[in-house]
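The substrate binding site annotation in Swiss-Prot covers 54, 125, 170, 200, 204, and the record cites sequence analysis as its basis. Residues or ranges marked as NAD(+) binding site by Swiss-Prot on the basis of sequence analysis: 171-173, 205, 234-239, 258, 293, 314-316, 361.
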């Protein structure tokens, strides 16, 4: 097995330039790296990181390596790898198995590659790595496991789990999968749900996805957003962020489709229209899914859309839009721009799908800005340190609040922002039950 496999090693110089730019905008992670270089809290650990291979991820991986870890980096999406960054990291001694445009077989070969290094900590974005490990642990043999074994060789499940101390998960989608695994009684090692940290979801999910989703839509289409009717499926933190930016870009109508009555009510109070997708399909110009669920936009919805409707997905997996159904019924299909395909329906209408229905911000753009990933990946680095220092029972955990607040404090410090502190009198007041009216 080679130490790394990337698309083109000659891209490494350009990748180093990308990493340099990211590091200029990720001061919190660099401060953590400086401490890691001295303390080596990850010494002796092998971290298998299944993440989008971007310049920001590269800064995280360098930080983990500075902490003493041996790092194996594989992609969490077949289309999101930045090949120049992958090449640069491979030259630095990171074990990288990633390139843009992987087939399903190659994608799961990458997971097998990571497992061949016998990881002690897993780091996931969408839970594909963790789910695969659990399939092996529970004796499941499907086609994806066959692909894994092509590069991992024969795996001793008991030995694999005896070495894994714990894992982390970056996304809402991944946390949902892992909590389902826990609920079924099949979770085999502890997981820290990084996505549940305030300094992750309040910033990454809302501001990061809000900006990068529209970056992807505009790069793919070069359309003017002002004056358009925008339909957003899902009003979690990702949907909120997309809606905020749609309004800021001048969308004529921002329509939210939501199944949760509390979130739907919140969307109404935030000033957006709320309606079912059946109705929204008839009036929308641009549709963006952010639900984490299957077929938020069904084939029936697509047939109701205007001629020229644009479809994009901001959720982790390419299941939120019924792409398979669209492929099946379309009478014609052609690529008219990079990452933009035109489908002609039997009724003569045309719809435009961005990035095969995969993550629009990473397929058609570069993902989240470095400044916001500084927070998310600071959480990832500190979660890895927490796992290395603490033996946890099998469960899905939130990162301790003191770590979450420390990330926020460091970010404010690097931004040159000071905050107020409680006086001693105020501390006594809020800790007393006797004082009142």
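Counting begins at 1 with the first residue displayed.
Just so you know, glycine gets a Cβ as well, placed from its N, Cα and C.
Known features from Swiss-Prot, placed on the structure.
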{"residue": "54", "record": "substrate binding site", "contacts (Cβ under 8 Å, 6+ apart)": "80, 82, 85, 362, 366, 367, 373"}
{"residue": "125", "record": "substrate binding site", "contacts (Cβ under 8 Å, 6+ apart)": "50, 51, 52, 76, 169, 170, 171, 174, 316"}
{"residue": "200", "record": "substrate binding site", "contacts (Cβ under 8 Å, 6+ apart)": "170, 194, 375, 376, 379"}
{"residue": "234", "record": "NAD(+) binding site", "contacts (Cβ under 8 Å, 6+ apart)": "257, 258, 289, 290, 291, 292, 296, 315"}
{"residue": "236", "record": "NAD(+) binding site", "contacts (Cβ under 8 Å, 6+ apart)": "172, 205, 263, 290, 291, 292"}
{"residue": "238", "record": "NAD(+) binding site", "contacts (Cβ under 8 Å, 6+ apart)": "172, 205, 206, 209, 210, 213, 290, 314, 315"}
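Sequence-distant neighbours of residue 173 (NAD(+) binding site) (same chain, 6+ apart, CB under 8 A from its CB) are 126, 127, 292, 315, 316, 317. For the recorded site, residue 171 (NAD(+) binding site), the DSSP three-state label reads coil. When every Cα pair among 54, 125, 170, 200, 204 is compared, the largest distance found for this substrate site is 18 Å.
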